[in-house]
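*Asks:* Quick paste from Swiss-Prot:
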type	residues	note
DOMAIN	8-245	domain 'ABC transporter 1'
BINDING	G40, E41, N42, G43, A44, G45, K46, S47	ATP binding site
DOMAIN	255-500	domain 'ABC transporter 2'
Amino acid sequence: MGERTPMLKMVGVSKSFPGVKALDNVSLMAYGGEVTALMGENGAGKSTLMKILSGVYKKDEGKIFIEGREVEVKGIKSAEEAGITIIHQELSVLNNLTVSENIFLGNEKHSKFTGRINKKLLDERSKMFLEQIGCDIDPNRLVSTLNVGEKQMIEIAKALTKNARIIIMDEPTTALTDVETENLFKVIENLRKKGIAIIYISHRMEEIFKICHRVEVLRDGKYAGSAEIKDIDNDKLIAMMVGRTIEDQFPYRDVKKGDLALEVKNLSCKEGVKGASFTLRKGEILGIAGLMGSGRTELAKTIFGEYKKTSGEISLNGSPININCISDAINNGICYLSEDRKKEGCILGMSVGENMTLCNLKKYENKFKSLDKKEEAKDIEYYIKKINIKTPNKEQFIKNLSGGNQQKVILAKWLMLSPEVLIIDEPTRGIDVGAKKEIYELLNELKASGKAIIMISSDLPEVLGISDRIMVMSEGRISGELNRDEANQESIMKLAVGINN
């Protein structure tokens, strides 16, 4: 019997952004009537590859074949015309429209006589497509009255109206209940039986082994391999995903740990943290690892007072503290560097100096309640030299600096407050290799001076290379903790996907 033709074949796909090669000669195959898992760590290139397939990005190189015929995907419309649809993690339904209006949005059926939208025909055809996926929702219902699982069914029905042959599902169960998840799996089975190729992106291992037939793995923007699900297990799949060693680029410094600085007990928040408990000592870097949506940033923002805790206690230097807002955290010596420095870490339209002293202006007030510009300038120049911020002068707009230097300015802003606990989220995201090493050296210096540091990172080599201890989160909970000498990428990934035995 001859070799079967895949529904989808992507060959030699590459994509670069300024300073970053996101995809390098990547290939992928998916077969009709099968569910293909697309796996990889955060930043492996999964989203970029799917955005190319669905027409959001244009590839730099490579070819795309559907049922053996080469197609050129020039945009979202041409992808849909080729039978490719993506259902994003963030659903794109419009709450103020009805079910049928959402299903046929942009593809409305008009009356031959009046030219108006034929509402009756929309409802009839919507009902037909919903029945095809075993869904009994009234086409006249407002989408605002539906739960997340039902809204997802609307997206799938919408894909069917476009004659989708390839449906990409990006983390489809993230916001679903167990019952809604089981319903989704039944719908996926119905789609599979129709000969549709499903590309399924998820970090939940149990789902991959339950509903997928094959797995394609990306690693660091490159093709890492593929396998039949029946031929692999958890360990083999994780090894495919992480398969790289720690490099000598991480200048770890072993420092004697001091007294207990921070203690968190049973901390929860409605944004997604569930009963987190941990400790942090002076002179220590605690790395927090986990997949996207695991609750790492939410934990940091709860400690920092940006999110309100629903339960739990926070103690500093052995004494309980109350943190109800960000200023409470800052006044207690806790500072947080956001993962999104341009949106939350700095004000792009202000200068380097203005950003640096923004949180510490009271220090420079004189007896006339105006700023002592001379004293302020002295501190700004000190930190520019101390942490090697490359800027022509303190008046330079921060938006004109490189990512690494922007990060240093934000770090200086908090160091001016002499914090006891520094939480730094994705410290080297979007930063070049040279600047990364400088950031690591800065963190080591702060650790050596007795600062207690929490470092959240999606870069596993970074977590392993810099941290003294590593805490792993999964679905809002702390799934485990590893000492530096026992941790490796596979042990972290097992905890990150909820395998803690």
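Please read every residue number as a count from 1 along the shown chain.
Positions of Cβ are set from backbone N, Cα and C atoms, glycine also.
Set these features in their place in the structure for me.
*Replies:* The average pLDDT computed for the domain 'ABC transporter 1' (8-245) is 87.
Residues near G43 (ATP binding site) in space but far in sequence (CB under 8 A, at least 6 apart, same chain), listed by position: D220, S458, D459.
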*Asks:* Tally every other Cβ atom lying within 10 Å of the Cβ atom of A44 (ATP binding site).
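*Replies:* There are 23 such Cβ atoms around A44 (ATP binding site).
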*Asks:* Around K46 (ATP binding site), how many other C-beta atoms are within 10 angstroms of its C-beta?
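*Replies:* A 10 Å sphere around the Cβ of K46 (ATP binding site) contains 22 other Cβ atoms.
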